[in-house]
Amino acid sequence: MRKLFKYLKKYSFLIFLTLFFVTIQAILNLYLPDLMADIVDKGVARGNVEYIWSVGWKMLGITLLNIAAAVISTFFAARIAMGFGKDLRSMLFKKVMNFSLNEVDKYGVSTLINRNTNDVTQIQNVMFMMLRIVALAPVTAIGGTIMAISKSPKLSMILLVSLPIMFVAMFFIVKYTIPLFKSMQKKLDKLNRVLRENLTGVRVIRAFAKTEYEKQRFEDANEDLTRTALKVNRVFALVFPIILLVMNITIVFLIWIGAIQVDKGALEVGNLMAVMQYIMQIMFSFIMISVIFIFLPRATASAERISQVLDEETKIKEIEIPKKLSNIEEIEFKDVVFYYEGGKEPAISNASFDIKKGEVVGIIGSSGSGKSTLVKLLMRFYDATSGKIYINGLDVKEFSQKTLRERISLTPSRPVIFSGTIEDNVRIGKKDATEEEIIEALKIAQAWEFVSKLPDGIKTKVSQGGTNLSGGQKQRLAIARAIVGKKDVYIFDDSFSALDFRTDAKLRRALREKLFDATKIIVSLRVATVMNADKIIVLENGKVVGIGTHKELMNTCTVYKEIVSSQLSEEEIA
Ligand SMILES: Nc1ncnc2c1ncn2[C@@H]1O[C@H](COP(=O)(O)OP(=O)(O)OP(=O)(O)O)[C@@H](O)[C@H]1O
């Protein structure tokens, strides 16, 4: 939690104001019982109506001031807590946006969402509470003790017994709930993960008749979370009545001992009433502190989870003075080896090849052979474990990631469609693209044929995830987005897989004609998609096992020959 306090600096003045008004509120609270004692002892007991009126007005004024101080302090506390929550959410979002895929893999999407929503809310709530209690409770406790002793030191002694009992009760709450709250957070992550998987994979689940199994999986996660939540509540259920019991017994003893004192004439009734109120205030301030102790562990667990993300060092480091990149003339992979975090086998081993400007390069290999990994390394989503990737003879690390991605475009294998219109989705590739440029990109991507038939054309709304589009339509939209901004290198990572052979061929022809001077890297499992490339790189188990044209590879590379013969007929091969 302390780690996050440094982000509170900008609220220093507001915090000061909140504490100031809360302190005023606490002092006014302490003044009221004193005035009440006066009214009873000097007004009521002596039948002095004038005195009752004058002190009564005073009490009313103080109560109004008290209310004003409470409203102002609550207003400021809310502003600080909500503002701080907003800052944390923005910082987390910015941080996660700058994460390399290493960090995204490490945390997982569900927990990152939870940390930005649920965890921040926990901190916000505790912050709001703490800002008021942190001043209210100590001032009331200390001031109340002083006032109570000044009225009757004998009666105040009762605190020496009640307070230690309350301390012990609070200690138990803290000790048992911290680990439980931590585990609750993890279980909430799990529940969200199951829910996310279920919602995104709902079609697959139905198709495989796995609804019952998934229901059970959700029930298990839900049950697990509930069980831990119940454990926490059991601790509270046990400890809170003890605290209330202590309070009530204290009052009974106070009245008993106080009544004897009044009877003896050693104490006035008004003072007894004031002492009772002070002791109640003191005990109440301890309850307030214990409430903080209940919520603080939970917020501490959340704060830890937030700090972990904020302090995470991204593995992809930006160079201090990045080189400029005006045109990508050449790409070279030299002895590149790459292991995924925790991976035992290299996903890429000793890959060496080069790609010249304007070339059409095909990358082929069986599923899991490392094709996507290879292009992710070029995009610098990950850094090579060893070996180097050069662009125009310079290490890829010499450029900023922004520069690199301004010159290279990637169409991922799974198209991502955002909610908005078709136009909005394509415009992500170039912010200021004109309508003509968008239509041109859609035409090259072979998407225009279906977009032009839609009632609203490029203004047609697409739902989140593109559920109102077919797989091939989504792929073509993603391709249009990738080619709308002019780049030096276009990477298509298995982006034609949902297209029929005719559209695939038409799309490749359009790319060749319209983007003739750009380098095109086409990753595919299909021979037909890459066989006309200027150069084909064949991968097997992360190793480059062949580089050349279709013809050359048919003579030299057995793996390629096997892939070809498994996909093409004798006539097509000939
Ligand atoms: N994020 C990841 N974390 C750990 N291992 C990964 C990750 N992504 C891929 N791998 C592993 O790296 C290897 C290469 O994966 P990659 O996605 O590059 O293969 P691919 O040839 O593109 O496969 P496909 O054609 O099925 O998309 C696989 O063994 C895969 O299990």
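Heads up, the Cβ atoms here are built off N, Cα and C, so glycines get one too.
Annotated in TrEMBL:
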DOMAIN    16-298  domain 'ABC transmembrane type-1'
DOMAIN    331-566  domain 'ABC transporter'
TRANSMEM  12-32  transmembrane segment
TRANSMEM  59-82  transmembrane segment
TRANSMEM  129-149  transmembrane segment
TRANSMEM  155-178  transmembrane segment
TRANSMEM  235-258  transmembrane segment
TRANSMEM  278-296  transmembrane segment
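For the transmembrane segment (278-296), the neighbouring stretch richest in Cβ pairs under 8 Å, chosen from 59-82, 155-178, 235-258, is 155-178. Sequence-distant neighbours of the transmembrane segment (129-149) (same chain, 6+ residues past either end, Cβ-Cβ under 8 Å): 15, 18-19, 22-23, 25-27, 29-30, 33-34, 73-74, 76-77, 80-81, 155-156, 159, 274-275, 278-279, 281-282, 284-286, 288-289, 291-292, 295-296. The average pLDDT computed over the domain 'ABC transporter' (331-566) stands at 86.
Counting only same-chain residues 6+ beyond the ends of the transmembrane segment (155-178), those with a CB under 8 A from a CB of the stretch are 145, 148-149, 232, 235-236, 239, 242-243, 246-247, 249-250, 253-254, 257-258, 261, 267, 272, 275, 279, 282-283, 286, 289-290, 293-294, 297-298, 300-301.
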